[in-house]
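Annotated in TrEMBL:
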DOMAIN    1-61  domain 'Acyl-CoA dehydrogenase/oxidase N-terminal'
DOMAIN    65-160  domain 'Acyl-CoA oxidase/dehydrogenase middle'
DOMAIN    172-318  domain 'Acyl-CoA dehydrogenase/oxidase C-terminal'
Amino acid sequence: YGGMGLDFSYNIAVAEELGNIRCGGIPMAIGVQAGMATPALTRFGSDELKKQFLAPTIAGDFVACLGISEPGAGSDVANIKTTAVRKGDEYVINGGKMWITSGSQADWMCLLANTGEGPPHRNKSLICLPMNLPGIHVAKKIDKLGMRSSDTAQIFFEDVKVPSKNLIGEEGKGFTYQMLQFQEERLWGVATVLTPLETIIQETIDYTHQRKVFNQSVLHNQTVHFRLAELATEVELLRSLLHRAVALYVEGNDVTKFASMAKLKAGRLAREVTDSCLQFWGGMGFTSEVLVSRFYRDLRLMSIGGGTDETMLSIICKYMEILPSK
């Protein structure tokens, strides 16, 4: 379908390299294409769907978006309310999605919707939804704290009719497919923050070396250079965890626990590194002229998007059997 047939480790190599871009929005947009909206289609979609949606997305002719979050259901995926009711050879879709990356410009959406009345983990399906159909309303482009170059939309569906053949895989398996899709999304997200964190630390070293306070460089203070050494160590530890998870994933293992640990650590470390380094920049760090202030805003999303820190902790607890089963 136009891809190179490489394993997932190459996605991660690309994601790390994209971290050299000096903003978070562009790697995130590419990540939606490569690791968020398309894995389920690649694994479970029909040949017809792959030719119609996957091939042009890989080629860059289509922009894809992922329709999961809703105003009342972000990390709580099982609680989504959007419905896709089967009527003959079509699904009729009603509801809405929120915080949709690339939503204003997308050509199609990988949509998660309720297609049945059963238990919340078995009544959902993924559907390839062309975004030019009647009844799709892009309500607004959301103004955000960070990732300001990224197009993030609120979208409503009113009696949108889509062919039933646009179903990805089996009806009722959408929740399971999306949980698998989340693993690649989270690993991609971790990979994209590694290089920015290294860059911020290095630029802070350079700045504090030349900035003089009380007749000596800021970097000369032990509290500063020790802190930067600690942060650099944490970034390397995160990289090792990511590479271990990816190696296991490529071998076909379930890496939900390790991916969740890496996602949790990446979100917290992104906050820790950007906050600590911004402090060492002093008043200059509070301006929009320096990279550290941009990543302070952009990378804050890491602890929220694709599953909050609290969701990651719940998953980790489940796999460690810390909490009793309900």
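Cβ coordinates come from backbone N, Cα and C, glycine included.
Unlike curated entries, TrEMBL annotations are predicted automatically.
Secondary structure counts, DSSP: the domain 'Acyl-CoA oxidase/dehydrogenase middle' (65-160) has 3 helix, 51 strand, 42 coil.
Across the residues of the domain 'Acyl-CoA dehydrogenase/oxidase C-terminal' (172-318), the predicted structure has a mean pLDDT of 97. For the domain 'Acyl-CoA dehydrogenase/oxidase N-terminal' (1-61), DSSP puts the residue distribution at 42 helix, 0 strand, 19 coil. Helix, strand and coil counts under DSSP for the domain 'Acyl-CoA dehydrogenase/oxidase C-terminal' (172-318) come to 123 helix, 5 strand, 19 coil.
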